[in-house]
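K.L.:
There's a structure below that I have some questions on.
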């Protein structure tokens, strides 16, 4: 649709001035406000953007001064009320807020990943920083704290936009209504999860005497073991920030952005949550989604295991290649027993890996089963051919029964030996058993095929039958009406004939009255 030109805008303004003549008699301020609002709406249609705050102010002022004045929506002469103008501003605000939420969620996820990456770098280079209070360690710790602060700000801004969106969806309700106990709990938990990061203690590093150690820990002479465990726990808990992935997938999914999905979903009372989006992804791209999840989980769990096992005196479980092998065999629930975790933290990581491995194996089995299953067309073809084959076998079995009956009749005990008679009896019983077995198999197959008839097909058949009955009823009604018309014509003809006969008889015999 082309944007209105300057001449069209002038024509629309002229029409508005003609329509606003009664308001002009009430006062000159109303006309000025109408013209200002027309210019604002024209600029919005030209640039496709509008400042809704100024729009609300203009509408409120216009409602206060001249409430009966209506303004044109475009230069085509269409007019809208002030309530429709408020709805338009609310829709534009809602669109901008959704875009802001998507942008803030993407920034928050990126900031969280940067913080996790800095934490991994800090944990890896810590054993090789020899001087306490090193500038490298200081810079990395400050960067982690800075990313954590930025992440908290982004989380607060995201929930602020969410509250504003709630206010707009519920027609400018008080913001205190949006602050429910559930929302406060969610915001508090998110802030607590995002604020977790290593506190940045600077270790006095001593290397192990054995140079073959894979990744020696930072060992402090004045910090106790509890503080070291706390640093390890805080480093591992930073991976909880990955909960932002599901929010990013939800806000950037095509399911949520599609107007068709939202319209049909609202008619069917479908909530567009991450669970629904995950089901759609697993239905459209099951292998790709599961493969990406397994790879990311494998690498993450392996690094966490190496971080836990560096505290032990074992020289194998603290290496990355050994951790990858241990996580893989634990995930697949094999457990050869050649490698085992030594620390409680490592045992916990392996336990969680085993649980996730069982869940992923169940999903993999379901996906493979679905891929190997026949569709409706293939099932119909397969069962049709099976029915034909079983019918042939039934005919052959019936023929064998008749043949054995004839042979048994010919080999009666009076005409031949009893051994032959018993042999034909056994053959007859076997033929009857085969015939009954094939009949039972055919009955089960047809019962299963009858259960495959889907409801839409039955509904279409019933609709066709109903349409045929309606057509037959209409034809019957038309025939009855046609017969009534013929009967009316015959009645009129009889009346006319009787009148003519009466006139003829009266003309011939005047005495007849």
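Keep in mind that glycine also has a Cβ here, set from the backbone N, Cα and C atoms.
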K.L.:
Of 36-60, 61-85, 136-160, which span is tagged transmembrane segment by TrEMBL?
P.N.:
136-160
K.L.:
Under 8 Å for C-beta pairs, could you tell me which stretch among 136-160, 181-203, 226-244, 290-308 has the largest tally with the transmembrane segment (320-337)?
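P.N.:
The stretch with the most contacts is 290-308.
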K.L.:
What residues elsewhere in the chain lie close to the transmembrane segment (349-369), defined as a C-beta under 8 angstroms and at least 6 residues from its ends?
P.N.:
282, 286-287, 290, 293-294, 297, 301, 304-305, 308, 326-327, 330-333, 341
K.L.:
Which residues of the chain, 6 or more past the ends of the transmembrane segment (226-244), have a CB below 8 A from one of its CBs?
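P.N.:
Residues 105, 108-109, 112, 115-116, 119, 123, 151, 190, 193-194, 196-199, 201, 217, 220, 300, 304, 307-308, 311, 345 contact the transmembrane segment (226-244) from elsewhere in the chain.
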